[in-house]
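The transmembrane segment annotation in TrEMBL covers 25-45, 51-69, 101-122, 142-163, 170-190, 210-232, 253-276, 304-327, 348-366, 378-396, 408-425.
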Amino acid sequence: MQTTQKQDQKQERQNITKHYTKDDLIWTLSLFGTAIGAGVLFLPINAGVGGLIPLLVVLILAYPMTFLAHRNLCRFVLGSDKPADDITFVAETYFGKGGGFIVTLLYFFAILPILLVYSANLTTTLSEFFVHQLGLEAPNRLLSSFLIVGILMLVSISGSSIVTKAMSLLVFPFIATLVVIGCFLIPYWNGAIFSEFANMSASSIDYKQTLMTLWLVVPVLIFSFNHSPIISSLACHCKEKYRHYAEPKSSQIISYAVILMVIVVMFFVFSCALCLTPQDFAAAKSQNVNILTYIANKFPEATFLAYVSPIVALIAMSKSFLGHYLGSAEGLNGILYKASNGRLSGRPAHIITAVITFLIAWLVAYKNPNVINIIESIGSPVLAVLLFLMPVYAIYKFDVLKKYRNNFTNAFVVIMGLIGISAAIKNLM
């Protein structure tokens, strides 16, 4: 009888993961949309400046590092089978009232600066597009920032289902643009990056510099594919829809999303790398321009990329803003709930969260203070701790998560997390 029941459960589990629905696709695209922001236009530069080796390391590590870490975070939230229990409530279940509140604070203050940076950069990019590409006067920043943040906030407060659908709609043209640009660059491939590597002898390799480059490229990889702000929402969705089979379905969605990220982004990155040299990447880095702007300046036939670049950036940042709002709102709702001893929850908390977020984001978008980038840099190691270390600690600390104790994969996640955190801290110094 027990054997038959186990077989039925196994069959049901297989059926759930076998059927990939339209809803699953929307969530897959939403994870992609949250992760891949305007930073993708700088990833080829940051990864390619060290030559071929860092690019190959990024290619090899991108999937396992991203998938395993985000799956662990999702499992952390799935530790509670209540659909309404997001990361802020689950953290309190694991770590107690005080520990849960600290995790909620860290979660919120790690994500909010990213949201604010997107607000400011969206306003700046739109203004520059008017001036440099359209030849018009820059729009009034107070008004343009109000409209940009206001429109995105209206979508954000419409509920996770509307947000994910909006993000999936933005992701399609974004993916198509990256693929088309990657294909457009194929005639310019010169293989210089391979030639330079082939001409290097063992004695000419600067191993110390190579290791330093590899060390510093790990946080670039972590944050280029980071979609942790939307993982808690995904877990809650899967708990509500798939109940006991939330874990295999959420893992499937995360896996498909990461595969899509790696294929699209790495094709774009390698296509850029194959038409440039490490010296070109160093020049682009020193000029502080994105890869499309640099290529447009280098190849006369590719000048149209100077027009495409801001459009790609605007789409990228808009969809990432939506995904990061879900995480930021979870954090602030959790803070309001815990700080008020449960009196502020539901609709009142959501309204307060939306108003506070809108006012702060609008102010930052209008003023564009340099300090926000500094705060984001400080929040990055914190986000890495919450993504790479906290779930593994919980897996080995609490019996409810003991079925996820795989020493090899969890050790890999911890090691990559420690490397990324240490390199991110090094970048702050």
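Note that the numbers count up from 1, one per residue, in the order the chain is shown.
Each residue, glycine too, has its Cβ placed from N, Cα and C.
Predicted automatically and left uncurated, TrEMBL annotations should be read as such.
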Message = Using a Cβ cut-off under 8 Å, which residues of the same chain at least 6 positions beyond either end of the transmembrane segment (170-190) come close to it?
response = 29-30, 32-33, 36, 40, 260, 264-265, 267-268, 271-272, 274-275, 292, 295, 299, 302, 305, 308, 311-312, 315-316, 318-319
Query = Ranking 25-45, 348-366, 378-396, 408-425 by Cβ pairs under 8 Å to the transmembrane segment (142-163), which is first?
reply = 348-366
Cβ contacts under 8 Å made by the transmembrane segment (101-122) with residues that lie 6+ beyond its boundaries = 37-38, 87-88, 91-92, 95, 145, 148-149, 152, 229, 313-314, 317-318, 320-321, 324-325, 327-328, 330-332, 334-335, 338, 357, 360-362, 364-365, 368, 372-373, 375-376, 379-380, 382-383, 385-386, 390
Key: Stretch among 51-69, 253-276, 304-327, 378-396 sharing the most Cβ pairs under 8 Å with the transmembrane segment (210-232)   = 51-69
Task = Using a Cβ distance cut-off of under 8 Å, indicate which of 25-45, 253-276, 304-327, 378-396, 408-425 has the most pairs with the transmembrane segment (51-69).
result = 253-276
Message = Please identify the stretch among 25-45, 253-276, 408-425 with the greatest number of Cβ pairs below 8 Å relative to the transmembrane segment (304-327).
response = 25-45
